[in-house]
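Peer 1: Questions regarding the structure given below will be posed in turn.
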Amino acid sequence: MKIEVAEFAGFCFGVKRAMDMAWKELENAKENIYSLGQLIHNTQAVGKYKEKGLKVIDAVEGKISGSIIIRSHGVSLDVYNALKEQNVSIVDATCPFVKKIQDIVYKSFSEGKAIVIVGNPKHPEVIGINGWCKNSAKIVKTIDDIESYSWDDSEYSVVAQTTMNIDQYEHIKKKLTATVDHIEFHNTICLATKERQDASKILSKKAQAMIVIGGYHSSNTQKLTEICSQNCPTFHVETKEELDMSLISSYSHLGITAGASTPDWIITEVVEYIQENSK
Ligand code: F3S
């Protein structure tokens, strides 16, 4: 059986950086190490970090001490300020691409512009970005959302959630341009998502079947499954234990891809398991 891993699969630059920073912190730990929210949507990786001593908290309540890791999604200005009041050292693992969006929003807002975020209002990255303009942003997830807001003569500055779908963003941009007089756009979509989606699409057209590895709650993994299943039979698994070898062994060319929160060691385990069990 030929097993081929997609050209871009697994951790993106920002997630890898955050996970490495957190691990380094845990290795040198003398005190409590917290993360504000789950570092990533991957049960196995989160489990490994918890075993090493990471304490995951959803919010800072009461007094804490030690180190606190800000994950790649970033946080609002208020959260930064609240952390500075604590007896903690802040390990800021905000992805530099997300930091750039926060900086654009903060600067534009300080210049008196109104902020528009194209993205999912419930996503932590968007919630964090909105916190750099005092939660004043108009958040547009779908084209229909544009009509639900009233638009005035203000100057508008638009940013996008890093994982936003490019085609959807372009549609929204077109409609906003037609709706609002003074508007500037900052295309802040990160290419890592597109690279993973394109690579999965290409491979799923060549392979007889695809295995998509990643957390069941990870939206980018679900998206990869959706893309691949348009081209060939596709199996979404979290770990090697979930592979149904009686099904998989019947294919002679298997493609593998993985969501942006899947560590390399899980991808390697899956590949090795298939190699060993498909002989
Ligand atoms: Fe950063 Fe892009 Fe990943 S914004 S966290 S490198 S998807």
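Every residue gets a Cβ built from N, Cα and C, even glycine.
Where the annotation comes from TrEMBL, it is an automatic prediction and has not been curated.
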Peer 1: Figure out which of C190, C228 sits with C12, C95 in the [4Fe-4S] cluster site per TrEMBL.
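Peer 2: Between C190, C228, TrEMBL records just one in the [4Fe-4S] cluster site with C12, C95, namely C190.
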Peer 1: Can you match one of H73, H186, H253 to the isopentenyl diphosphate site that TrEMBL gives for H41, H123, S218, S219, N220, S261?
Peer 2: H73
Peer 1: Relative to the Cβ of N220 ((2E)-4-hydroxy-3-methylbut-2-enyl diphosphate binding site), which residues of the same chain, six or more apart in sequence, are found under 8 Å away?
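Peer 2: Looking at Cβ-Cβ distances below 8 Å from N220 ((2E)-4-hydroxy-3-methylbut-2-enyl diphosphate binding site), excluding near sequence neighbours, one finds T163, T193, R196, G214, G259, A260, S261.
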Peer 1: Specify all same-chain residues, apart from the site residues H41, H73, H123, S218, S219, N220, S261, whose Cβ lies within 8 angstroms of the center of the Cβ atoms of the dimethylallyl diphosphate site, ordered by sequence.
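Peer 2: After dropping the recorded site residues, what remains is I40, T163, G215, H217, T221, G259, A260.
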Peer 1: Checking proximity to ligand 1 here: which binding-site residues out of H73, N220, S261 have their Cβ closer than 6 Å to it?
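Peer 2: List returned for ligand 1: none.
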Peer 1: Quick one: Cα separation, S219 ((2E)-4-hydroxy-3-methylbut-2-enyl diphosphate binding site) versus E125 (active site, proton donor), in Å?
Peer 2: 13
Peer 1: Which chain neighbours of the [4Fe-4S] cluster site, leaving out C12, C95, C190, have a Cβ atom within 8 Å of the mean position of the site's Cβ atoms?
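Peer 2: In sequence order, the nearby non-listed residues are F13, G14, V15, S72, F97, V98, T162, T163, A192, T193, A260.
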